[in-house]
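A quick write-up on the structure given underneath.
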Amino acid sequence: MPLLQAHFFFFFFGEETQCWVYCLCVVRIICVFLAGERIRRGHTGANYKTNNPWNSIYQFSRPHTVIGTVFSIISVSLLAVEKMSDLNPLFFTTLLQAVIAALLMNTYVVGLNQLTDIDIDKVNKPYLPLASGEYSVGTGAMIVTSSLIMSFWLGWVVGSWPLFVALFVHFVLGTAYSINFPLLRWKRSPVAAAMCILIVRALSNPTAYFLNMQIHVYERPVVFPRSLILATAVMTFFSIVIALFKDIPDIDGDKLFGIQSFTVRMGQKRVFWICISLLEMAYVVAILVGSISPGLWNKVITVLGHAVLATTLWARAKSLDLKSKAAITSFYMFIWKLFYAEYLLIPFVR
C-alpha cells in the first residue's frame with residue numbers, strides 16, 4: 001500500500017515530490033518491521049497464529065533478508081561517491097528506488113520459497129504465516145505475484161539497466177531455487193542452493209547496485225574499485241556460510257522431506273565449524289586489504305573493526321550449544337548481524 005501511494009503522488013503531483021514520498025514509504029516500511037519485532041519478541045507458546053497483520057507482514061518478508069538487502073545496497077552505492085557533491089538529490093532518489101525495487105523482489109523470492117515449503121516449514125519454522133495458517137495459499141500467491149510485478153515495473157520505469165539486471169538475476173535464481181518444476185527446485189542440491197545465494201548476494205547485487213550509481217546516476221565509465229572487489233570477495237565467504245548455516249537448525253525437517261543439505265550429509269558440528277572457519281578467513285582477507293588502505297583512518301577503522309568482529313565471532317562460536325535448536329537459530333541471526341556490520345565497514349576501504 002505505501003508503494004501504491006508513492007506512485008499516485010508521483011503521477012499526480014510531479015517528479016519533484018518523488019524523493020520525499022519514497023522516503024515516507026521507507027519510513028512506514030521500517031515501522032512495520034519494528035512493530036513486528038516487538039510482537040515477535042513478546043510472543044511465546046506453541047500457538048503461532050496471532051491474527052496480527054503487522055506480525056504477518058513482518059514474518060512473511062523474512063526481516064533479516066530485508067535488512068541485509070537495505071544495508072548492502074546503501075553500502076555499495078556509497079562506493080561510487082567520490083566527492084561530497086555526489087550526494088545530491090538524484091543519488092538519494094535513485095537509492096530509494098533501488099531499495100524499494102529490491103525489497104519487492106526479495107518479498108517475491110522469500111514468499112515463493114514459503115509457498116513451496118509449507119509442509120517443511122510446519123516442522124522447521126511453524127511461526128511463518130503460511131505454515132501457521134495465518135495466510136492462505138491464495139493470499140501468499142497474491143503477495144508474491146504483486147511484489148514481482150511492481151518490482152519489475154519500478155526497475156523498468158527507473159531506466160537503469162544495472163538495476164534491472166540485478167532484479168532479473170534475483171528473480172531467475174530465486175525462482176529456480178524454490179519452484180518445484182522439472183530440473184528446478186535447486187534447494188534440493190546443496191551445491192546449487194549455495195550457488196544461488198552466492199551469485200545474488202556476493203556477485204550480482206554488489207556489482208549491479210554499484211554500477212547503478214556509477215553509470216546511471218554519475219554517467220561515469222565502468223570501473224571496479226578495490227572496495228568493490230573486497231566486498232565481492234568477503235560476501236562470497238558470507239554467502240557460502242549463510243547457504244550452509246541456514247540448514248543447521250532445519251535438519252529435522254530436511255531429513256523428513258528428503259532435502260539432502262550439507263548438514264544432513266555431514267552433520268551439524270562439522271558444517272558449523274566449516275562456517276566459522278570460512279568467516280574467520282574472510283576477516284583475515286579484509287584485515288590485510290584494510291592495512292594497505294591509503295588513509296590512516298581508513299586503516300584504523302577497517303583493521304580494528306574486522307579484528308573485533310573476528311574475535312567476537314570466535315568467542316560466541318566456542319560457547320554455542322549445538323544441541324539446542326534455539327541457540328543455533330540465534331547464532332544464525334548473529335551471522336546476519338555480522339553480514340550487516342560488514343557492509344558498514346566496506347565503504348571505509350579505499
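Cβ atoms here come from the backbone N, Cα and C positions, even for glycine.
Copied from TrEMBL, the annotated features are:
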TRANSMEM  20-39  transmembrane segment
TRANSMEM  60-81  transmembrane segment
TRANSMEM  87-112  transmembrane segment
TRANSMEM  160-179  transmembrane segment
TRANSMEM  191-211  transmembrane segment
TRANSMEM  223-245  transmembrane segment
TRANSMEM  271-290  transmembrane segment
TRANSMEM  296-315  transmembrane segment
TRANSMEM  327-346  transmembrane segment
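Remark: the transmembrane segment (223-245) contacts the transmembrane segment (327-346), by the rule of 3 or more CB pairs under 8 A. Away from its own ends, the transmembrane segment (271-290) comes close to residues 226, 230, 233-234, 237-238, 240-241, 244-245, 247-248, 262-263, 298-299, 301-303, 306-307, 309-310, 313-314, 317, 320, 322, 328, 335, 338, 342, 345, 348-349 of its chain (Cβ-Cβ under 8 Å, at least six residues beyond either end). Spatially, the transmembrane segment (191-211) is adjacent to the transmembrane segment (60-81); three or more Cβ-Cβ distances between them are under 8 Å for residues at least 6 apart in sequence. Through the fold, the transmembrane segment (160-179) approaches residues 94, 97-98, 101-102, 105-106, 108-109, 112-113, 115-117, 148, 151-152, 185-187, 192-193, 196, 199-200, 204-205, 207-209, 211-212, 215-216 of its own chain, all at least 6 residues removed from its boundaries and within a Cβ separation under 8 Å.
Count of Cβ pairs under 8 Å against the transmembrane segment (87-112): among 60-81, 296-315, 327-346, the largest is for 60-81.
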